[in-house]
Amino acid sequence: MCSTKPYYNDSSVKILQEYIRIDTSKEKNIERAVNFWKNQADSLGLPFAVYRPSGKPICVITLRGRKSKLPSIILNSHMDVVPAAEQNWTYPPFSAHIDDRGKMFGRGTQDTKTLGITYLEAVKTLMKSGIKLRRTIHLLFMPDEESGGLNGMIPFIETKAFKDLNPGFFFDEGMASPDDTVYVLYQDKRHWQINLTLYGDGGHASTLPKRTAVEKLRRLLDITSEFRDQQIQIKLSNDPTDYGSYTSINVDIIRGGIVANVIPSQITVVIDMRLAISAQICEVEAMIQKWISEVGNDTNLSFIAKVDVAKPTRLDATNPYWVAVEDALKDKGIKVLPIVFPAASDMVSIRNRGFPAIGLAYLPRTELLFHDRDEYVQVKTFLKGIQVYTHILQKTVSRWAADESDSVTVVPSRCVGGTEGLSGYASHPEENPT
């Protein structure tokens, strides 16, 4: 046990609690988050802008550097969070309760409200220090990362407002790790969501038709379960952090039936997949067509999401931004492990456009609870993360890169199947969680 009293009056902790308490799993509350960020910017005397390329708000807070022509540093996070079933939580998911062990519970503590406040507090620290920044820093807050970025990052990168940010390097959401290691995410897996509609004979529930949609569903579940078992074996045969070695697959939604005494004539199934880095697009497409053939050719296929390319960012001496970040982490004695992000983020669109980007959150010795119950952050870890990010920004913005010509390109994918074509997202954001 440890006393939590020192945390109660900490201004950084109070701001994080205020942010967590905005239930942005509800779209109507995103505007409350916008007001929250406007208030933060106003309190610091920093420029604040809101862009709505597709109706939803994108917030930008800017700290100007001395050399405006230098590519800027972008600190990206998202305001939206996934829903939370309160009955399954130890404490209410939007209470930001701090327990006796110093854990703050709340939806968004890991994904990614804590990161947003970490950015803010690091910028505050830089401002108070009086350090003269060479580069401009932009803090970006996206409205819909959890539903695929269809009204956020994806349209925003097409705008003049985005171009005017003069992006050089992006920071984005990271992952918790079970030990002292800090993960650096340099590539996302390719996200597919498949919508299958199975058709069959309907009728009175007292009859026994031969070709029902439920029979097709059973076959589909058997087929996908077999593939899933194969992927589990691949996962178990590799390092636990080698998320890129396997394809994840889960049946997330099954819809069907009208009333209890009528056999359903159609059933809809939504399958979520995150493709292995080595997966060939044509082979995965052929596999899905084979499933349909085995289930029944009158099955209808559509894609909710289909990302065929998710380029990596090079983490070596050819990337001067990464050199600065790595140097800062070494200064702090932090062990770093570059990994593939097992899910998907707004950085897919960014990297595919040629901008270098990493996912980095200071969450060591933390149970990974993205989208899970009792999501939390240790308050002392949050406060240490502010120090870490302050030092990273110092290195990347001030002490490094006096040359105005510096630029970095995304390395071509080293993996088979990851570089051809970009299908993007389809038109059902409510069924497209990342």
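We count from 1, first residue shown onward.
Using the three backbone atoms N, Cα and C, a Cβ is placed for every residue, glycine included.
Here is what TrEMBL says about this protein:
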ACT_SITE  ASP80  active site
ACT_SITE  GLU145  active site, proton acceptor
BINDING   HIS78, ASP111, GLU173  Zn(2+) 1 binding site
BINDING   ASP111, GLU146, HIS371  Zn(2+) 2 binding site
DOMAIN    191-296  domain 'Peptidase M20 dimerisation'
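The structure, with features from TrEMBL marked on it.
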| residue | record | Cβ within 10 Å |
| --- | --- | --- |
| HIS78 | Zn(2+) 1 binding site | 29 |
| ASP80 | active site | 24 |
| ASP111 | Zn(2+) 1 binding site | 29 |
| GLU145 | active site, proton acceptor | 26 |
| GLU146 | Zn(2+) 2 binding site | 23 |
| GLU173 | Zn(2+) 1 binding site | 25 |
| HIS371 | Zn(2+) 2 binding site | 16 |
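Between the C-alpha atoms of ASP80 (active site) and GLU145 (active site, proton acceptor), the distance comes to 7 Å.
In terms of DSSP secondary structure, the domain 'Peptidase M20 dimerisation' (191-296) contains 42 helix, 32 strand, 32 coil. Computed over the domain 'Peptidase M20 dimerisation' (191-296), the whole-number mean pLDDT of the model equals 97. In this structure, GLU146 (Zn(2+) 2 binding site) is part of a helix by DSSP. The secondary structure of HIS78 (Zn(2+) 1 binding site), as reduced to three states from DSSP, is extended strand.
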